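First, the structure itself, so that you have it in front of you.
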Amino acid sequence: MWIQFLMSVAITLILVYLPGTLIMRSLKVSWLFAIVLAPAVSVAAYVALGIILSALHIRGNWATIALPIILLSILVFAVALHIARSKSTGIDGKECNQVGSLLAKGNYKVALLYLAFAVVVSVLLFLKNLDTAASYMQLYDNAWHLGIIRDFLAHGDFSPMHSGSIIATQGSAFYPTGYHTIVALVSSVSHISITVASNAVVFVEIVVILPLSVYLLFSIVFKNNPLLMYVGAVVPLMFQTFPWLFITFGPLWSNLLATSVAPAIFAVLIILFDARTSLYERIVAGIYSLFAFIFAAVTQPNTIFTLAVLIVPFVFSQISAYCVPISDKRTRRIVVNSIYAGFVVFIAAAWLFLYHASFMQRTVTWNWDKIGNLYQVARDVYLLGFSAAEGQPILAVLVAVGIIVTFIRRRYLWMTLSYTIFCVFYMASAGTEGRIKHLLTGFWYTDYHRLASSAVLVALPLAALGLACVVSIVVSGYKLIDTKHNEVNERVLAVVVVLVLVVSVFMPYTPRDTAKESYNAFGAVARDINYWNASNQPKSYTAAESNFVKAIQREIPADAVVLNNPYDGSAYAWGEDGLNVFYKAWQGNWMGKPTDDSREIMSHLNDIATNEHVCAAVNNIKAQYVIQLDQKDYWEVEGNTDRLQSIYAGYSSSEWVGINSITNQTPGFTLVTERDGMKLYKINSCS
């Protein structure tokens, strides 16, 4: 199975990087930076073609989506290469040796250092803690993710405009599917299981996409700081909040992909708005930004708001530079201040317009309950224990040092402002309730996990600044002692300092007494990945239930609609095993309110023999069977006997009494098969 995993990793790399690299290279972006920028371009192209094929009623798969995009990118590159050679200019831009440019050649050795470190960390933290290459976490969102991917493969409709309709509800069917598209294409090419393909895509995100994106960001922001570029290789995976909590909570697969690409998009936006950028490079940055906008919109739209907030302080820092050509100082000052004021008004107006827009209401009115008071969440920020996670005090010190450096090197001060904004947003989400909370954080569903990851995006360069500063101070101190100024010793000392800090931050601590919750940040990450993936730990959808589902699939038509209570584990029967259950995810993932037919089934299916409304609902959805799986993992919530809870999910039993109440004696149903309390019924009424 691990061979299949490695095959899936290879296919993922080809799908994600080949077309995007060739397209960006056609615009004279250097090979290295074209590779870094490729994921957003490739994913945007795949999803866009999926939408077109859906509209034309053409089945989507690797041959109709991936192959045409790859062939088109090869054609575009060949044409660009031919044009460049015909003009005897070559495909490299005139700025190919300029540091901090997309046209610059880049430093492959440094980029490989980022990748090498990410491989080591990800193998030890992620792969090592997977039970098998096909293991997956049965956390709240994963049934939804796997269900969408299975639907893509089963029906060939890859459009995000319809992806939310895997469960019929009253509301929008749009759900962003950049991540799901890549996993489905990998599985489509290789015929490897969805769960193996999913793990491979996640592995590529944390081992390749995120480190290279951060490498580009550092290359653009810290143009002439080789020390920082080298020590920065250890930074991309240092924060527990992102990417690791996106893996152990949710899981937030769409956010993981979008946020992994975000540093590269952020870097290009910096180039786009930098007053010193040449016209051609600004055009290239603009073209890429269009791809990036599409990518974010179809992968995780709140990434657009994150990037907008992150870039605003940088844009403010560039306004005076744009006004340098105005020779009169007084006039220039008036113009600069006027632009400042106008920009603030524009941002406020745009924010309020979008906040009140009808299409944003489901997002901005969604509420995540606070997790503490303002003092507690401020402490989270101070110790980098976002989302009530374990604190990272050593990393917090590095970020603090980086913030101090920005006050000394004021050209970087905008980063501190961006970080402060998202820390305030996080505190509003995690520590308050009310209208102000929604106004500030509604574009992120008031979800403190997403806001914390947004803060991490700008904390990354701050941590790199802090780390480089600490190394410089230690080496400078050594120079005062070593009068011979031995460069080899200085480099060895720098490496030792970095290694000590790396071990201090990354070393997982697991208490000898596992009953005690005294884990450090990466001890908790290792614990959670291991626990949620372990086959010997409690599951919502157990191996026995999966075997039962596979057995009944041999007895019923492949496309038969099977009614179910998703909370008994059957939500995963579709995503993992392909059983066409009607409720393919838990209610928190549904895109809208249940339809009238759905309400009838949930509440009154057991009355099918006497209730004509139930019969009408069953006929409307063409249901033929009912499945009941084991619910032994649920317990009644104290003080609320209607509420049933497990370690994975909770639900109101009164909402699902129509399915839960069916027994062998219920009129209108015939028992087809039974095993260890798991049952399949044939609906014999309403024919």
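Heads up, the Cβ atoms here are built off N, Cα and C, so glycines get one too.
Pulled these from TrEMBL:
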- 6-24: transmembrane segment (TRANSMEM)
- 62-84: transmembrane segment (TRANSMEM)
- 110-127: transmembrane segment (TRANSMEM)
- 196-218: transmembrane segment (TRANSMEM)
- 227-246: transmembrane segment (TRANSMEM)
- 279-298: transmembrane segment (TRANSMEM)
- 304-327: transmembrane segment (TRANSMEM)
- 339-361: transmembrane segment (TRANSMEM)
- 381-405: transmembrane segment (TRANSMEM)
- 412-431: transmembrane segment (TRANSMEM)
- 451-480: transmembrane segment (TRANSMEM)
- 492-510: transmembrane segment (TRANSMEM)
Between the transmembrane segment (279-298) and the transmembrane segment (227-246), are there three or more CB pairs that fall under 8 A, provided the residues in each pair are separated by 6 or more in sequence?
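Answer no: the transmembrane segment (227-246) and the transmembrane segment (279-298) share fewer than 3 Cβ pairs below 8 Å.
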So which of 6-24, 196-218, 279-298, 304-327 has the most C-beta pairs under 8 Å when paired with the transmembrane segment (412-431)?
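Comparing 6-24, 196-218, 279-298, 304-327 against the transmembrane segment (412-431), the winner is 304-327.
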Count the CB pairs under 8 A between the transmembrane segment (196-218) and each of 6-24, 62-84, 279-298, 451-480, then give me the winner.
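When the Cβ pairs under 8 Å are tallied, 6-24 comes out ahead.
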Which residues, given as numbers and ranges, are at least 6 beyond the ends of the transmembrane segment (110-127) yet have a Cβ under 8 Å from it?
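The answer is 32, 36, 202-203, 206-208, 210-212, 214-215, 229-230, 232-234, 236-237, 244, 247, 506, 508, 522, 525-526, 529.
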Quick one: find which recorded stretch in 62-84, 279-298, 339-361, 381-405 has the most Cβ pairs under 8 Å with the transmembrane segment (304-327).
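Per the Cβ count, the answer is 339-361.
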Which bits of the chain, at least 6 residues beyond where the transmembrane segment (62-84) starts or stops, bring a Cβ under 8 A of a Cβ in it?
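Non-local partners: 15, 18-20, 22-23, 25-28, 42, 45-46, 49-50, 53, 90-91, 158, 181, 185, 188-189.
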